[in-house]
Amino acid sequence: MVDRLANSEANTRRINIVENCFGAAGQPLTIPGRVLIGEGVLTKLCRKKPKARQFFLFNDILVYGNIVIQKKKYNKQHIIPLENVTIDSIKDEGDLRNGWLIKTPTKSFAVYAATATEKSEWMNHINKCVTDLLSKSGKTPSNEHAAVWVPDSEATVCMRCQKAKFTPVNRRHHCRKCGFVVCGPCSEKRFLLPSQSSKPVRICDFCYDLLSTGDMASCQPTRWTFVSKQHIRIINQHYLKKTMKTEKC
C-alpha cells in the first residue's frame with residue numbers, strides 16, 4: 001500500500017502542503033519513495049510545561065513543529081529518522097493520559113494524544129513504519145537512547161545532592177546522560193556523548209564518575225528516583241522506577 005502511494009499525485013501534493021506550512025526555514029521533505037502516513041496534534045512534555053505540537057508521520061521520518069496557525073503555519077521544524085526510534089507506552093497519571101515515550105539516540109521525550117484510540121493508532125503506525133524500515137535495511141533496532149528529561153517542575157531541589165534548592169539565582173540544569181534535574185555544583189563536568197553532540201555536554205557528577213571508569217552499563221538513562229523526602233510525581237514511573245540503594249543514572 002505504501003509503495004503504491006509513494007508515486008501518487010495525492011501524496012506529493014500532501015507533502016508539498018506540509019513543506020509550505022513550515023516555509024523557507026523548514027527542510028525539504030519531498031524525496032522519492034517518501035509517503036505521508038498521517039498527521040495530528042500531540043501534547044509534548046517540554047522542559048517547562050506540556051505544549052501542543054503538530055506531528056507528521058512519514059514512512060521514514062517523524063516531523064514535528066510549533067503551531068503558529070493551525071493547518072497553515074508551523075515553525076521550529078524537527079526531523080527524526082524512524083529507523084532510530086523506539087517507543088514505550090506510559091501509564092496514565094492525573095491529567096497526563098494516553099501517552100508514550102519517543103526515544104532516539106539524540107533526543108527522547110513524552111507525548112500525549114487526546115484519546116486512547118488516537119494513542120493506539122499513532123503507536124501502531126509508528127511501530128509498523130519502524131519495522132518495515134529495519135526489514136528493508138537489514139539493520140537492528142537501536143538499543144541506545146538519550147535520557148528523557150525530568151521536567152523542571154518535578155524537582156524543587158537537586159536530584160543528586162538533594163540539598164541545593166532551586167531559585168531564580170540557583171538555576172536548574174539537566175544531566176544529558178540520566179536526565180536528572182541537578183544544581184550547578186553537581187553538574188560542572190562535561191563528557192563527550194557522540195550520539196548527542198560533537199562537543200562534550202553537561203553531565204552530573206554521578207554519571208561522570210561511571211563514564212570515566214568505563215562503567216557504561218551502570219549509567220543508562222532508564223530510571224528516575226525521588227527528591228528529598230517527597231516523591232516526585234513521575235509521568236512514566238512504571239518504566240523508570242529505581243531505588244536510592246541501587247541507584248543507576
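Here the Cβ of each residue, glycine as well, is placed from N, Cα and C on the backbone.
Taken from TrEMBL, the feature domain 'PH' applies to 35-131. If you look up TrEMBL, you'll see 152-212 marked as domain 'FYVE-type'.
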Original post:
Per-residue pLDDT averaged over the domain 'FYVE-type' (152-212) comes to what?
Top reply: 93
Subject >> Residue counts (helix, strand, coil, in that order) that DSSP gives for the domain 'FYVE-type' (152-212) >> reply: 14 helix, 10 strand, 37 coil
Original post:
Using DSSP, how many residues of the domain 'PH' (35-131) fall into helix, strand and coil, respectively?
Top reply: 19 helix, 54 strand, 24 coil
